[in-house]
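Sequence annotations record features per position, and here Swiss-Prot assigns DNA-binding region to 74-148. For Lys37, Lys38, the entry in Swiss-Prot reads ubiquitin cross-link, with the evidence type similarity to another entry. Swiss-Prot lists Met1 with the feature N-acetylmethionine. What Swiss-Prot records for Ser4, Ser8, Ser23, Ser29, Ser33 is phosphoserine. Marked as phosphothreonine by Swiss-Prot on the basis of similarity to another entry: Thr21. Taken from Swiss-Prot, the feature region 'Disordered' covers 21-40. The annotation region 'Interaction with RAD52, TIPIN, UNG and XPA' is assigned in Swiss-Prot to 187-270.
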Amino acid sequence: MWNSGFESYGSSSYGGAGGYTQSPGGFGSPAPSQAEKKSRARAQHIVPCTISQLLSATLVDEVFRIGNVEISQVTIVGIIRHAEKAPTNIVYKIDDMTAAPMDVRQWVDTDDASSENTVVPPETYVKVAGHLRSFQNKKSLVAFKIMPLEDMNEFTTHILEVINAHMVLSKANSQPSAGRAPISNPGMSEAGNFGGNSFMPANGLTVAQNQVLNLIKACPRPEGLNFQDLKNQLKHMSVSSVKQAMDFLSNEGHIYSTVDDDHFKSTDAE
């Protein structure tokens with residue numbers, strides 16, 4: 001599953017290291033105002049979308065918007081209908097059944113024989129993270145990550161994240177600046193597997209982290225919930241996803257171990 005890969009909207013989604021976040025300014029650029037900085041920062045959020053939304057996005061002053069939500073970096077989930085490799089790039093047609101298939105271009109490093117240069121075969125369901133682009137009024141994605149789905153629940157999760165993300169961002173953007181709630185920063189799930197929880201809900205946790213935390217909170221036993229019971233209740237998640245969510249919650253002070261390293265209780269427990 002996708003854990004904290006695009007999991008919230010902050011400076012960068014991948015790995016939390018900011019490696020994919022473009023620098024807002026440039027050499028010789030005038031110092032931007034606070035409003036400009038905030039606007040540009042918002043544009044760096046990785047927003048879960050459908051292809052239909054991307055195709056209907058409007059481009060004004062070099063900024064894409066879906067309604068009042070500014071977008072630049074997005075994620076989509078769909079099936080590859082066609083793949084074509086050229087010397088410097090791979091072009092996919094990806095279909096999520098909300099509109100016509102969309103062109104997704106992934107540039108390849110001709111000096112690198114890594115898996116990033118391997119063509120993902122047609123009829124494979126994938127999650128794509130990339131930048132929305134428009135050329136001659138035709139929209140496409142320039143992908144910086146394409147990952148085959150490991151679990152078809154990720155497709156359903158993505159649709160829920162799309163709804164949640166756009167509701168939250170639309171509400172946030174409609175509020176006065178002074179009263180706008182901060183939007184937290186994303187992370188990455190399993191080694192590059194930008195898990196199905198790209199969006200962080202209001203408490204700053206991913207879907208997977210919230211599921212783990214809520215189960216631990218709900219356990220009435222004094223010693224807390226043990227890992228085996230937790231894993232059995234989260235059969236839709238891989239073991240590594242559960243462990244990563246627990247590691248994050250423990251490091252952030254949401255849960256703590258009790259009688260041994262396999263039993264956990266919430267710090268909010270009575």
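Cβ from N, Cα, C; glycine included.
Per-residue confidence over the region 'Interaction with RAD52, TIPIN, UNG and XPA' (187-270) averages out at a pLDDT of 75.
With DSSP states grouped into helix (H, G, I), strand (E, B) and coil, the DNA-binding region (74-148) comes out at 3 helix, 47 strand, 25 coil.
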